[in-house]
Amino acid sequence: MWPPKGAAKKKAAAAQEAVATATPPGEYEPTLSEQLSYLQYARPFKNPNYTKGVGRRTKILKTVLGQERERERQERERKRLEREEKEAGEGEAMDVDVKREEGEKAKAKAATPGVVVVEEEVPTYLSIEAPPSLLPQRHYCDITGLEAPYTDPRTNLRYHDKSVYELIKNLSPSAAKDYLAARGVNPIVK
């Protein structure tokens, strides 16, 4: 196949125009966006002496609580071992006697009103350590907030019924992106 008529002439004319408009080496003209940019100006609201703590990292609440619980558990374990060593040094006793004495001490601690026996915290649905639910996640309408059994394949918006779907069909792509962004989804509109 031959190229269309006049294609070679157009290429040659474009090359000559590019050579004519090219800036000589060493001279640089900033573009309009570079001229209007504020990146080069000093920022008076920033402290020039501030250095960000490189070694310090933020931790999520779950991690902090876990570390605190582990520290408390280790402290209790250390105290328990000290107590056992102290009791073991007092005299040797038979295993049966030791078990009976431990049971009596536990009953005495429970009966004493001032002493609180600390147990390991069991995860419940109200605690942060609760496992995720095994039930399927519920979806809600992006427009009304009602439960949404349907999803629009074009915009990925969730809707409650056909009246909301009629509204979604007439939405502009930018409005659909805004609704998806409000839900926290990367807005990819097809």
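Yeah, the Cβs are placed from backbone N, Cα and C, and that goes for glycine too.
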When you get a sec, could you say which of 1-31, 156-186 is annotated region 'Disordered' by TrEMBL?
1-31
For the domain 'Vps72/YL1 C-terminal' (139-168), residues assigned helix / strand / coil by DSSP:
7 helix, 6 strand, 17 coil
Counting by DSSP, what is the helix, strand and coil composition of the compositional bias 'Basic and acidic residues' (67-89)?
23 helix, 0 strand, 0 coil
For the domain 'Vps72/YL1 C-terminal' (139-168), report the average pLDDT of the model, please.
94
